[in-house]
Each structure stands twice: as C-alpha cells, then as structure tokens.
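Colleague: The structure follows.
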Amino acid sequence: MDKVYEPHAIEQRWYQHWEASGFFAPVGEGAPYCIMIPPPNVTGSLHMGHAFQDTVMDVLIRYHRMKGDRTLWQAGTDHAGIATQMVVERQLAGVGQTRHDLGREAFIERVWQWKETSGGTITRQLRRMGASLDWSRERFTLDEGLSRAVREVFVRLYEEGLIYRGKRLVNWDPVLHTAVSDLEVISEEEQGHLWHMRYPLADGSGHLVVATTRPETMLGDTAVAVHPEDERYRHLIGHSVRLPLTGREIPVIGDTYVDPEFGSGCVKITPAHDFNDYAIGVRHALPMISIFDQGAAILPRADIPAKYHGLDRYEARDLVVHDLNELGLIEKIEEHRLMVPRGDRTGVVVEPFLTDQWFVKAGPLAGPAIKAVEEGRIRFVPENWSNTYYQWMYNIQDWCISRQIWWGHRIPAWYDGEGRVYVGRSEEEVRAKHGLDASIPLRQDEDVLDTWFSSALWPFSTLGWPERKPELDTFYPTSVLVTGFDIIFFWVARMIMMGLKFMGDVPFREVYIHGLVRDAEGQKMSKSKGNVLDPIDLIDGISLEDLVAKRTQGLMQPQMAARIEKRTRQDFPEGIPSYGTDALRFTFASLASTGRDIRFDLKRVEGCRNFCNKLWNAARYVLMNTEGQDCGSGGGACSYSLPDRWIRSRFQAAVGTVTEAMGQYRFDLAAQALYEFVWNEYCDWYLELAKVVLQSGNEAERRGTRQTLAGVLESLLRLAHPFMPFITEEIWTRVAPLTGAFAPTIMRQSYPEADPALADPEAEREMAWVMEVILGVRRIRAEMNLAPARPLPVLLSHGTGQDRVWSARSGPLLEKLARLESLNWLAPGQAEPEAAIALVGELRVLIPMRGLIDKEAELTRLDKEIQRLDKELPRLEGKLGDASFLSKAPPAVVEKEKARLADLQAGLASLVAQKERIQAL
C-alpha cells in the first residue's frame, strides 16, 4: 500500500472496475430489495441535496447487497420539461432565434441533440459519488417504454372519467406562457403596499372600502364580499356597488371566508385572478372575468376602458391608482409586507390565470392512497411526516397536468374540425376506434404533460409496465423511497395514487424523509447568498480564485457579486482542499439524523478525511506486521491475548450497534459506532496493545495477535464498506487473503453479523481496568507537565484482590502504554509518599512527585496561565452579557462564544486545582 492515502488514485479505478464487472446488477436468490432513484433532471448537475440523498440510498443498497438480498437500485433521469426547454431556448436566444422560428419538430430535435451531448453530467457525477446504480437498466422519462406507459395511463384514466379538460384557475408564468406547478412557485415575503379603495353603492347612499395589494385586478372584480354575521354590512347583502373606472354594477355577497377583523371587513372578489376568490366565485356562481392575456397585459375587453388595453399589469396598476386618486376613491395607502409568488425558473411574479387545461380528478385516487398509509402498508420515517401527507391528501385539489411547452409527453388527444376531442394511444387507434377515415383532418393537442405525471409512474414504468415483465413481479412494490419533504405531495403521494390504481399495490413499503442540507450557520444554500457548495469541489478541491468565479457567475442579481466574493474570500482563504469521495460520504452519513435539516460544516469533512487517513495508516501497520508471516491459517497453535479477546468482543458490539442503527435509518448512529470502534478502540488502543504482544509474547500469542489484527480489520472493512466504498475495497483486496478470503470485490462479501460466542464480558471488564489505569497515569503526566517519554515509577494501594490479579497479568501492557519505570504494590500498612493520585474504583494509583518536577518553576508557570485566563474571562463574560451582541450576532456565533467561555472556565478550574496539588507536595 502507498504510504499516503490519495483517494483520487483509487476511486475512479475501482468504480470503472465495479461497473465493467456488472457488480451493480441484482444477483442471487435472496429477498428482493429495490430503491428507485428520484430521477434527477437530465440537464442538471449534482448539488449537495443530491449528494446527500444519493449517499443515503447507496449506503442502503450496498448494505442490503452484502446482506444477501437481490438488490436493485434503479437508475434513470427525468426529462424536466420546463427546465430543459429553457436551456435550449436560451441557446437559441443567443443567436437571435426563438423556438417558433424553428417550429415544433425541429425544436424538439434540437433538444434531443442537446440532451445527448450535454445530458450526461449528472450521471457522471453520480458515479463520482460511488453510487452503485444498475446502469445497465438506466431509464429516461421520455424513452419509448416510459412514453408507452404514460399514454396507457392517460387513456385509461380518461376512459374512466378521471381525466378531463376544463377551464380552471392555475399558476401561470407570463414569461414562459405556461401553467406551472406549485413546486415551481417560490413565495417570499416582500415589501409592498395595501391600497384602500372606495366602491360607491349603486343607490348612491355611500360607499364600501376594500383593501388590496393588487389594485389593477379591480378591473375584473365581480363582487364585494362581507361576513354574513357582520352587523355593519349585513343589511347590504344583495345590494350592489358600482365598480369604479368600468361602471359595472357588482353584487355585495355574504361569505364566511371574509375576516371581519381584517381591514374594513369588505373584500373585493376577482374570481379569475385569485385562488381564494375563485373558490368564492364558484360557490356564488359569479362571472369569471379574465383581464390579462398570456403575457399578463390587459386584454382589449369591451367592459374595460380602452386606455388600459395592452398595458403591462404593473403599468396598469400605476394608471388605475392614479385614476382612482383623481376620482377621490383612494381612502389611504399603507406600507405592507406580503408573500409574492415567483416562478423559480424566470423569477417573474406568477399570475393566477383562468385557462383551458387538462386535469386529473384527484379525489377518487386519494381515498385509497390515504387508506394505504393509515393501514400501515406504507410507513413514513420519521412517522410525523405522515401527518403532512394526510393534510395534503384530505385537502387535495384536481391536478392540472397540461403544460404549454413543447418538450415532454405530448397529450394523446386529437381534435376534429368541430372541436370534438378524441383520446387514444395513437392517431391510428383514434381513427379506428371512432371510425374516422383519412379524409377527416385531426389535430393533436399542442400541450405536453406535467413532468410529475410521468414521474408518478416511475416505480412501475421503469420495470416494464404495461408489459408484465419478470422484474416487475420481482421488484414491485419497491422497498423504500428516499426523498425530501418538499415533494411528499408532488411526487410521493402521486406515486402512491398511481401505483395503487394501476398495480393494485403500494409502490414502496417505507418512505425515508430527509432534511435540507444547509450551510454551517443553518442558512439555506442558494446562489444569491453565495453559500452554495458543489460536492464535486469537495471531492476534487478548488482554488480560491476558481471558487470566487464560480460563485459570482450567472447571478440573477449581479450587484450581489461583490458581497459574495468578500464572504467567499473570508470563509475559504485557501480555497477548498481535496477531501475525496469517502470522506464526503462518511460526513453525510454522520449528519443523517432522521427528519432534521443538516448543518454542513467543512470541519466535519476534514474530520472524516482524517478518519480515512487513520484507517489507511492502521491498515499499513497491520500489513507490515502480517503479510508474509504466520497468521494462523497454516494450522499452527493460536493463543489469544487479553487485547485480542477484548477487540473481538468489542467488534461484536459495534456490529450490533451498526446493524440496529441501519434498521432504524439512523445512519448517524451507525457512522458514530464505526468511528468510535475504528478510531478509539481498534487504532488508539488495540494496535498499541498488539505491539506489546508482538514484541514480547510467545509464538502462539504472536500468531493469535496477527490473526486478530488481520481478521478484525477485514471484518471492519466489510462493516464500513456501505459508507466508504473506495477505501474499504482498496484495503480489503490486500487484507482479505491474510484471512483466507479470495473474491473479486468486497461488494459481494457478506455483511458482518454479531457472533455471541465471541462476546467476552470478562475481557472487556479487565481491559476497561487496564485502560483506566493507563489513562490515570497519562492524565497526571499531562497535569504535571511531565515529558511523555519519561518513565514514571507507579505505586498501587488499597486495591481489591481482583486488582492484584489484573495488575500481575497485565503488567507488561501497563508498563509499555503508560511508560512506567516500575509498577509495585505498597505493603499493607505502608504509608503513602507525597504523590499525585488517580482513582480506579477502590484502587489508588500513585506517582511519587519527589524529584520528578521543579516545584517552584511549575508553580510560576501555572500562575502565569491563571493570570492570563483571569484577564480573558471578564472580557468574554461582558460580551455575552451585552444585549446588543446577543440580538445582532448569528445564533451560531453566540453559541460558539458560550462554548468558549465554558472551556475557559473549566480550564481555569483545572489550573487552580493543579496548583493546589503541587503546593501540597
């Protein structure tokens, strides 16, 4: 093995070997275990959320593969309709063209070309993460098999009356000119205004005051609503007001939706441009007056004054407010904070828009999906997310599935010259079914399906449905879905509905919901904040200048660049070092506590990189002491020392902890157990203890220790493999032959199982005693500032009979690891000398101080340290007592200062105690 651990030297080589050898494919006769990857956008690149989620899935897949399950991790990508189309449209815009200049067929061909040349970025990056997906089965949501499934589902749902075309209110992006899903709308609080407007009563007896954040929409008002129990207005219900600027009379209606306490208690109702107003409009059969075209400009309607025709909505707002003010109909204008919905792709304000769209009737599909979770056929982890699921499902609305773009699954519906609609799997089927010969022209619907429609079929369409292929029977239902909370409704619920409808069973047994990956301060990562980390940069490293350039390019708000550059230079003065994939994966696992958002700190990755180094160096030590030597496989007698029996026993405990944690999706606890065993027990203790046996034991003991060194290392590599696949494979291929294991890959080895026969409570008790004595001596050495290499005389007193047995048996271990000059028991009744003392139960461990330290020099040194801390403490206490600091500083900074104060206080107390001990000598 190389002297230094270099992850890049091994990662790419091993991944290519695994993939070329077909090791990711399902094998064996074990129980099926299947995970469907949430298909990433084919045009996208890996972000921290992907990297975290894919690590969790790969840990599960590798774990179950080694458990002997017939394991499939289904690979695939999503066509990502709007996102992909926008990329290609931007390319066309760069040469002064639009998609309409090319025409539909040529544009779609252009998108396919771009997908083939540029669409493999994210799958290459998944490989860099070590993701053991079965690439031989990779699917794409627009490939022919999945497209056939989409058409089949659409036709069946339409024939059952569960898909229909109708005019309803949708989220409309006026730049893209298409409906968008709620998930593609980002609502953030912004500063705006609240306009209070007077609507005159039609009988001239006065006016009502309504408040709105969107005065331009008053051109489409069709009512004023009041609460039916509001004494101020109850007598006006059924009367009319005259809508300013238009002259239309609109009714005053009573509806319990109105909050009498908000504003004047009167609400303008614009059913065609507000979702709440739409519901009121439906309840009261109000007219739906659309005032905007697809680009959010005022329509040239006869009931809207011509001066507003063609104006952009914000130009119309200014003119409407001006005209109302001129008429004395503005009561007041207030500053107001409001939630503004913007398209996540374009950044423009999304408009509630009344338009003809295709819808799925969701109610009949939701009932069985709710029941499946209630009956426990699907379990959410953590359980509390089932409440979110129920909340959405009980309030489900019909699903708008049509999009006014070109890239996607075209809706399988055709129209004749009279506007009659025919739905079928193909135009040929439609003509045959309805007796329409070639002389009757048919026009296919221009719209495509919402990307989530094909994604909802992912668990069974990827396995060959509607054909009944063997893999469909084997792997459906899948085992677990790993996903974020933000798409429980958009994807999870819809997969459940479609799976139950078309497969007659749930699509997965469990849903593991993970949190968001945030930065070290708990802030959401976003390009505008300049705090985005690229997982590939953490693997490969990136220079400061390249990182600054990366973070400041392509900003929607270029003025943020200077601030982002300043922060980046402050946070990463040396850029980001290369950590390697295994360190990043182990970091993600150690942070994967169920249901919580993840605070991602590079210090954690650095710690995990150090963990990889520790494992690498431990393996080098083991190989240097075992390769070419007798490790017990030749039949020679083996005698197992106390450290051998102890580490074997501790390994059984570690296996039990990791296995239990994996069953509970507590990857953080599994990673913690691995870390503690490898670092604290195997490396820090056992390897040091083994040196003593190898140097002084008899041949049978040395043989037993060599066997244990190699055997435990081989087993812990298998235990750690799902988390750290590359380094474990590299080391395992060298170590495995020493244990008699010969195989092409660790991936196909069995996962360790705890062996009760190797549990040795007696060895653990004795080793705990040995470790306490050693630590006690080391603690005194540190407190008294005694050189680590200086051998110390140790006396023991007041111990039990068991202490005497253990000290006699483990004397060589104590002398070597505690660096003792001598180890003796005081005779019964013999007075204890002036000494520093460590207590181990009843046992007193004494280090006589006479002649070991310069008492006066040590007291002088301690006084200086105490004085330094005495000056530092009041300054820090004052800072934490400053209300201004506490209110303005980020919570993470405050907590850091509190922790520093606690450390200083503990350090001062320790120094004072040490001074008192030395003064007493």
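Heads up, the Cβ atoms here are built off N, Cα and C, so glycines get one too.
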Colleague: May I ask you to indicate which of 40-50, 238-248, 854-864 is given in Swiss-Prot as motif ''HIGH' region'?
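Modeller: In Swiss-Prot, the motif ''HIGH' region' feature sits at 40-50.
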Colleague: I'm validating the feature mapping. Which of 229-233, 524-528, 549-553, 564-568 is tagged motif ''KMSKS' region' in Swiss-Prot?
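Modeller: Checking Swiss-Prot against the ranges 229-233, 524-528, 549-553, 564-568, the motif ''KMSKS' region' one is 524-528.
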Colleague: For the motif ''HIGH' region' (40-50), provide the mean pLDDT of the predicted model.
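Modeller: Result for the motif ''HIGH' region' (40-50): average pLDDT 89.
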Colleague: Which residues, given as numbers and ranges, are at least 6 beyond the ends of the motif ''KMSKS' region' (524-528) yet have a Cβ under 8 Å from it?
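Modeller: Cβ under 8 Å, 6 or more out: 47-48, 516-518, 551, 554-557, 560.
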Colleague: For the motif ''HIGH' region' (40-50), find every same-chain residue at least 6 residues outside the stretch whose CB is under 8 Å from a CB in it, and list them.
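Modeller: Hits for the motif ''HIGH' region' (40-50): 77-80, 83-84, 87, 114-115, 118-119, 121-122, 125-126, 128-129, 140, 484, 516-517, 525, 532-536, 600.
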